[in-house]
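**Student:** Mind looking over this structure? Questions follow.
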Amino acid sequence: MMGKPNSTPAKTQKSISSFFAPKSSQKPQDSSSPPASKAPGNLDDADSNEGTNEDAKITGNRLKRVLEEDENGGNTGAKERPSKRAKSVEVEEEDNESYALPAADSRKTSSSLTRGKSKPSLRTNKYMFSGSSQRATESLIEEEPEDELEKARKVELHKKFVKKLGHPDSLRRIIHEDDAALEVGDEEGEEDEEAPAPVKTKKKGAKTGKLTPMELQVIDIKRKHMDTLLIVEVGYKFKFFGEDARTAAKVLSIVCIPGKFRFDEHPSESHLNYFASASIPVHRLPVHAKRLVAAGYKIGIVRQTETAALKKAGDNRNAPFVRKLTNVYTKGTYIDDIDGLDTTDAPSGGAPATGYLLCITETKAKGWGTDEKVEVGILAVQPATGDVIYDNFEDGFMRGELETRLLHIAPCELLIVGELTKATDKLVQHLSGSSTNVFGDRIRVERVGKSKTMAAESYSRVAQFYADKLKAHQSSNNAREQELLEKVLKLTEPVTICLSAMITHMTEYGLEHVFDLTKYFQSFSARSHMLLNGNTLTSLEIYTNQTDYTQKGSLFWTLDKTQTKFGQRLLRKWVGRPLLDKQRLEERVAAVEELKDNANTPKVDKLNATLREVRSDLERSLLRIYYGKCTRPELLTVLQTMQRIANEFAHVKTPSDAGFESIALNEAVASLPAIGEIVISFLDKINAQAARNDDKYAFFLEHYETEAIGDHKCGIGAVEQDLEAHRMVAATKLSKKTPVTYVTIAGIEYLIEVPNTDLKNVPASWAKISGTKKMSRFHTPEVIKFLRERDQHKESLSSACDAAFSTFLSEISTHYALIRDTISHLATLDCLLSLATVASLPGYCKPTFTSSTEISVIGGRHPMVEQLLPSAYIPNDTSLSTSPDHTRALLLTGPNMGGKSSYVRQVALISILAQIGSYVPAESARLGLLDGIYTRMGAYDSLFTAQSTFMVELSETASILKSAGPRSLVILDELGRGTSTHDGVAIAEAVLDWVVRETKCLCLFITHYQTLASVARGFEKGKELRNVHMKFTAERNGRRVSNADADKDNEDFDEEITFLYEVGEGVAHRSYGLNVARLARVPKSVLDTAASKSRELETQVKQKKLLGLSNMISNVLENGTDQLDQLIIGMEQL
């Protein structure tokens, strides 16, 4: 109820001439008397009285007043009626749920509600429907305090009533036995549900068990959407019913009123008369909806689709309000908030999801066991940005290819078409079922069936979808759109099935329009980027660290110095997809170099300042405009930001005007002013202040308003003129010579005040609305009619304003491609500036690229570890090349904790950084372009595929041997440790030999098997494979022991080991495992036993080697020099 408090003096009604003139803002306030809550047992009290004929109420009031005047002379009746009137109104007011909301605007689900809305201006208030004309006849009668005689009389009547009843509170006790009073609380301070009123009233369905009209509505909608948690609009609250109420109470920490939880009328709940329920206030809907979606639920908003004034003017005035499911949201489709879901607040604290929905389908498996092959099709869409990724590939029994794509895309929701094979299903469950997985949060999984004719149906549905789009968008770009359509129709069968399923799926959420943007379809398998498989992403910590799966400590965290959300998303793509195109790569590096070298110049400062001023996510907002979900303040922010950017670079007409030497920078800057004229043309049509305040009635400037808006505003003005003219008519009936003055009390307008001494002149047809001890206030029948007509115009005006705004958004959407390209260039500039910031760090250098496959780094460092270490990182050199007479593989040995894994990760990360276009942490770097990096690091089993640690190890190794090529980098860490020493050494030696001889790729092989050093002797000295180790120093009894002498005595327990973290030539003959045990604080008695056993085992090994050498010597003496080489190798190993 809109208006001023009762204590405020009555305000004279404004004249019509002041209606269209600008006025100072006036803050509307709620009535001081909130409506009483209804009994929780009856969910449809509001609907049961919705259709009551208002004329009957007016007639009843008129007859009561006439009787009072006849019996009491016009004064006493006015004194006695208020208490009864107040009680009846208190019960009825909430029953009319349509009057609980002050305006139709309060039903909006825009994200602006979460930030608070500005108070509308007085002029806008004139257009807003407040329902005051309907409430006028039902308002409380305001009275002066009762005198002492009246109070005493009422006390006496109450005593007689109690005596007749038998004892105090007996009526309340009776009611409590039928319907227990339940209190509702909300930890957030929201409006509470009150206990049932202590008055026994007849409630529909309370005893008969019959469902009320609103309950039938809820059940009907719920049965059609059983997988959806429904939030139902009921008057001034949103409510949850049944099992949905219990779920919402748990997630939102609100109270659930007990009742029926099932929607199938199960006999076990036949004794219950009403549904369980929980409620939230209207203004908190966006907050709670976001929390439910973030918790993984699919929610639906059920709204009243008709308004009070138009309902009373329609044919269904006696029926309940019509309710429909208007919005459905899940994690991937929640775009009604510009900030989306803040996944950093997830319970797991994991990395933020990318917002992709990913659809998977696959064919039946071919082959058995390790020979199993399946064909998989995927399609992922990011509704917030419009990006679509698709792929079709064959996968082995380990499902490594699918895992790679899932880790790259990091979806927040999966749609599975048809049945999956057991291995695929287990992989999906493993990645989606844990809140501590690499995605940082649980993934919502939805499944749909797959018929035998799915392929044909999908092709037909996709073709029809795009044919309809082409028909609806006949334009000058039709040839281009036709070309894009042909691209979509050429997709493979599995991808087409996914696309069809995704179109159907997104239609439920009203987001199917994202597939119109076929320009942004990308193939995952396009070999224009380096391939980083799932193991590589995890082992090298590209997106998240391996400790707690957060971004801190990852490569992306190291590079992310972006200033915008859309720039951050683009950088994430760059990090996961390093370039293979040498020309594009050199252009990107040149742009970074120029930005770094000109860091404090005006042109670079202008770019930084422009990006700092972008405070909204333009890419998300543009998609929300395209979907028609953008709010007015958000639209104003987008248009003004784009205008500001265009004005900053208005002088740039061609790329050469940008003033940079880099082609990439000039092209990006030159695209920014291209949208200036388009944006200004839209800004010229809107009222900026009204848009900022989310004022729909004044959003458009007057000469740009639609005809419907103008007609309804004129209609409201005409009604105001009629009301003004009615002042003299009312005065004539009161026998006055001057026009009456309208007053507004408690939000009820156009009241005529009459002193109680003059009530004899008031016509019987006038309806008394409120009064005091000295004054009575009335509405004439004509005023009631005019107000009802005005309210109908106001609600129609509201609908017309929404329709005009929707059309306005559609007009902007026609320029989507141009605006999107501008935002993409702005994101590119943000990423380049981020890389330039990293390049400015101490010790970073510009990499140079060669046509050969090589990695030549001097003074290289680990990019993440050096930022996390409190001390300086020890640099190392690396030289690998596939060219003849060069080393292409390193066999790396060294003590435990000596830095072997950090070194090989450093080499891989430097290569990735270079191909992203970044500077690298080294003194100098000369690199060839790698087409893939493959890693096999760590030890873990795979319960979801029932594989042991060693099986996982060998399966991943087999996948690497099949996938790696001459331009790849392979990293193998301690291969063979999952089995016995002899088997492990044999497998490790065979794999190493294969990689070096057959694959001929760059390789870093870490091992603790010193015997593998002999493999290098199978190649020419100093070529192909070279033995290196991590340097260390050992001190025994204060005397330094060299690596060569380390194994002469086995007293390693008494040695002090110092790690140098430098790479040196040769083999580390010992691993110093007992030193690590001592650092781990293993008990001394255990260490003593281990040291003794270690010496014993090593002595036995030496004895066996000596015996073997003596046999070799005998063979050499008997058979000549044929086995002389083997003898030399054995002596060296000994």
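Including glycine, each Cβ sits where the backbone N, Cα and C put it.
Relevant sequence annotations retrieved from Swiss-Prot are reproduced here:
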- Gly894, Pro895, Asn896, Met897, Gly898, Gly899, Lys900, Ser901: ATP binding site (BINDING)
- 1-18: compositional bias 'Polar residues' (COMPBIAS)
- 21-40: compositional bias 'Low complexity' (COMPBIAS)
- 78-90: compositional bias 'Basic and acidic residues' (COMPBIAS)
- 183-195: compositional bias 'Acidic residues' (COMPBIAS)
- 1-145: region 'Disordered' (REGION)
- 183-207: region 'Disordered' (REGION)
- 208-332: region 'Mispair-binding domain' (REGION)
**Student:** Within 8 Å of the centroid of the Cβ atoms of Gly894, Pro895, Asn896, Met897, Gly898, Gly899, Lys900, Ser901, which other residues of that chain place their own Cβ, given that this set defines the recorded ATP site?
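**Tutor:** So the additional residues around the site are Met1030, Phe1059.
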**Student:** DSSP on Ser901 (ATP binding site), three-state: which is it?
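**Tutor:** SS state of Ser901 (ATP binding site) = helix.
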**Student:** Provide the number of Cβ atoms within 10 Å of the Cβ of Met897 (ATP binding site), excluding the reference atom itself.
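**Tutor:** If we count other Cβ atoms within 10 Å of Met897 (ATP binding site), we arrive at 18.
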**Student:** Which of Gly894, Pro895, Gly899 (the binding-site residues) has the most other Cβ atoms within 10 Å?
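**Tutor:** The most densely surrounded of these binding-site residues is Gly894.
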**Student:** Count the other Cβ atoms sitting within 10 Å of the Cβ of Ser901 (ATP binding site), across every protein chain shown.
**Tutor:** 17
**Student:** DSSP secondary structure for Gly894 (ATP binding site), reduced to helix/strand/coil, please.
**Tutor:** coil
**Student:** Over the region 'Mispair-binding domain' (208-332), what does the predicted model average in pLDDT?
**Tutor:** 86
**Student:** Near the Cβ of Gly898 (ATP binding site), how many other Cβ atoms are there if near means within 10 Å?
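**Tutor:** There are 24 of them.
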